[in-house]
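According to Swiss-Prot, the Zn(2+) 1 binding site annotation covers C145, C148, C198, C201, on the basis of sequence analysis. The Zn(2+) 2 binding site feature in Swiss-Prot is assigned to C162, C165, C184, C187; the stated evidence is sequence analysis. Annotated domain 'J' per Swiss-Prot: 5-70, in sequence order, evidence recorded as sequence analysis. The repeat 'CXXCXGXG motif' annotation in Swiss-Prot covers 145-152, 162-169, 184-191, 198-205. For 132-210, the entry in Swiss-Prot reads zinc finger.
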Amino acid sequence: MSKRDFYEVLGVGRDASEREIKKAYKRLAMKFHPDRNPGNKEAEASFKEVKEAYEILTDGDKKAAYDQFGHAGVDPNRGGGGFGGGADFGDVFGDVFGDIFGGGRRGGQRQAARGSDLRYNLELSLEEAVRGLTKELRIPTLAACDACDGSGAKKGSSPTTCGTCHGQGQVQMRQGFFAVQQACPTCHGRGKIIKDPCNKCHGEGRVEKSKTLSVKIPAGVDTGDRIRLSGEGEAGEYGAPPGDLYVQVSVREHAIFQRDGNNLYCEVPISFSKAALGGEIEVPTLDGKVNLKIPAETQTGRMFRMRGKGVKSVRSHAVGDLLCKVVMETPVNLNERQKELLREFEDTLTGQSKKHSPKAEGFFDGVKKFFQDLNS
């Protein structure tokens, strides 16, 4: 009977992280454990299958061989060999089989893995991003077990030397005339075995935990910026260095301002009379309202630049500008008197539209030329 795919056994994808694989294993191991299913042969077989899949997929060397060659890559009996002692053939065949069996090591036990890096997505308002602030972040992570100080062994005990590999972390596997090294299947390449595991972390040396960090967000950050906090990732295996935490910044859209680099943009409505006669209008900035002088005969869509009213660069002392686009609004809900005044004003423009409407002049001249060209 052929073996099932190890990823299928654990119910995880081929891109699953080691943490996801461990979670799946713990859940299935509890489900099929013989103590919970006394006398159930099917559950016992499933438990062994789950255990084998876990041992392969959490060992870097075996996982690499399995991903490349399937079950044949991790079968110790393939080629009539097996595990055993003897001379160290790693120097001779390490370069040949290194890629297959995760080689490159000239003997010696596998180093405990550095902790995984973590990513935290932080959403900020535009005001927070521009001014900077300190944020309290709650981070779910794997922390070193405080009951065993990350060793995985119960207090008062310590890991013992593996009897299979004699502390080397590797064993010989024979392939016909060849012999190659791979991680010891008993200790998973560590060279030591925990016979009396810690009750709190169950020999893992790490426990799931949430921690709170106070993170300073510098002024001027923008969407896509990343803040690295060294050593604040997951704890490493059995005392290995921790990973890092990366805070990924995104900035929410603002109701008034749009940001482009260090510059801010906004649209400011102005009345018809203000655009024609000129005057001062109030313009919003992130520091409060300021007055902007509008010259007479301002056309809708004109852009005004207010220097130094943008965003301070997070990488230098440069400060961007605020660009205000004025948009002339057509008056609504007019009373009869106001309508009458507008009609009188319109009458005064009769025959003088070119003089008072420069854009209209250009438009109608263009229309006239279009029809002339069409009929020529």
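The backbone N, Cα and C atoms fix where each Cβ goes, glycine too.
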Just counting, how many other CB atoms are there within 10 A of the CB of C162 (Zn(2+) 2 binding site)?
-> 21
How big is the Cα-to-Cα gap, in Å, between C148 (Zn(2+) 1 binding site) and C187 (Zn(2+) 2 binding site)?
-> 19
For C165 (Zn(2+) 2 binding site), the number of neighbouring Cβ atoms whose distance to its own Cβ is within 10 Å equals 24
Residues outside the repeat 'CXXCXGXG motif' (198-205) whose C-beta sits under 8 Å from one of its C-beta atoms, at least 6 past its ends, are 22, 144-148, 150-155, 235, 237-239
C-alpha spacing of C165 (Zn(2+) 2 binding site) relative to C145 (Zn(2+) 1 binding site), in angstrom = 27
Within 10 angstroms of the C-beta of C201 (Zn(2+) 1 binding site), the count of other C-beta atoms across all shown chains comes to 22
Whole-number Å distance separating the Cα atoms of C198 (Zn(2+) 1 binding site) and C162 (Zn(2+) 2 binding site) is 18
Here the Cα-Cα span from C201 (Zn(2+) 1 binding site) to C165 (Zn(2+) 2 binding site), rounded to a whole number of angstrom, reaches 25
Which of C145, C184 (the binding-site residues) has the most other Cβ atoms within 10 Å?
-> C184
Apart from C145, C148, C198, C201, which residues in this chain have a Cβ no more than 8 Å from the mean position of the Cβ atoms of those residues at the Zn(2+) 1 site?
-> D146, A147, D149, G150, S151, G152, A153, K154, P197, N199, K200, H202, G203, E204, G205, R206, V207
Can you count helix, strand and coil residues in the zinc finger (132-210) using DSSP?
-> 0 helix, 35 strand, 44 coil
Helix, strand and coil residues within the domain 'J' (5-70) as assigned by DSSP | 48 helix, 0 strand, 18 coil
